[in-house]
Amino acid sequence: MCAILGGASDTTESAVDGRSPSPPASDRVTAPDYPRPVTNPSTAPAPTLRADGRRPDELRPVTITRNWLASAEGSVLVEFGGTRVLCAASFTEGVPRWKKGSGQGWVTAEYAMLPRATTTRSERESVKGRIGGRTHEISRLIGRSLRAVTDVAALGENTIVFDCDVLQADGGTRTAAITGAWVALADAVAWATAKGILASGRRVLTDSVAAVSVGIIDGTPMLDLPYVEDVRAQTDMNVVVTGSGTFVEVQGTAEQAPFDRTELDTLLDLALGGTARLAELQREALA
């Protein structure tokens with residue numbers, strides 16, 4: 001099943017041309033458009049449109065395609081505009097040595113970018129012989145976000161490992177990875193339950209989780225930044241939120257000028273609205 005949202009952050013990411021496989025028309029689910037406030041045209045302020053034609057509070061087109069890989073227990077190709085991330089979940093029996101005997105499972109993630117995910121080729125980290133700090137940071141963020149909505153006791157002494165590979169980067173790769181990985185997690189848990197590895201009466205997933213970037217560009221708070229906006233942002237944040245609207249993580253940085261409490265609240269409100277829409281898309285994809 002594929003869920004789609006139609007519509008008009010990371011500073012090392014950039015856009016490139018490319019295509020990804022599209023599922024059959026019968027497998028595509030389009031989320032309904034969200035109602036916009038009705039205003040008097042004579043008094044309504046002119047909307048601030050972005051370079052791609054979106055409103056400041058509008059997500060890029062988002063597509064979630066399940067079962068993209070034939071062998072993985074759960075797999076999703078997630079697209080946020082030009083950003084495309086492949087998330088694969090591998091279910092394995094057993095846990096890391098430090099978790100043995102605890103009766104609890106583990107969820108972890110590895111993040112990477114293809115050399116030509118960006119406009120110029122980057123060297124593979126495996127060739128360099130070491131994993132970069134940014135890669136470690138994002139891998140840990142994805143793992144933390146997924147564990148926040150997983151009952152590891154209900155998982156038993158089993159491990160779910162995620163490989164999140166960026167096929168094409170245009171800002172927000174970590175937020176796209178979290179959003180797509182949760183859908184792959186739901187499929188992996190369903191697979192293990194159907195196989196009898198997990199008890200059918202225990203609820204492993206306590207909630208959904210999604211993430212989105214927000215930032216202030218030329219004084220205007222904006223949602224879901226592509227690369228061209230991310231590199232110009234006075235302030236940018238990555239916000240991880242559960243389906244019930246509680247925060248898992250807020251990563252915020254003043255790149256050019258400090259931000260005040262009012263601006264922070266505005267950005268968080270934008271993120272809550274964006275992740276609520278993403279949560280609906282996740283539900284559509286799993287339906």
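Each residue, glycine too, has its Cβ placed from N, Cα and C.
Phosphate binding, as stated in TrEMBL, involves G172, T173, R174; the candidate among R130, R134, R203 given for that site is R134. Other Cβ atoms within 10 Å of the Cβ of G172 (phosphate binding site), summed over all protein chains shown, number 27. Of all the binding-site residues listed here (R134, R174), it is R134 whose C-beta has the fewest other C-beta atoms within 10 angstroms.
DSSP assigns R174 (phosphate binding site) to a helix in the three-state reduction.
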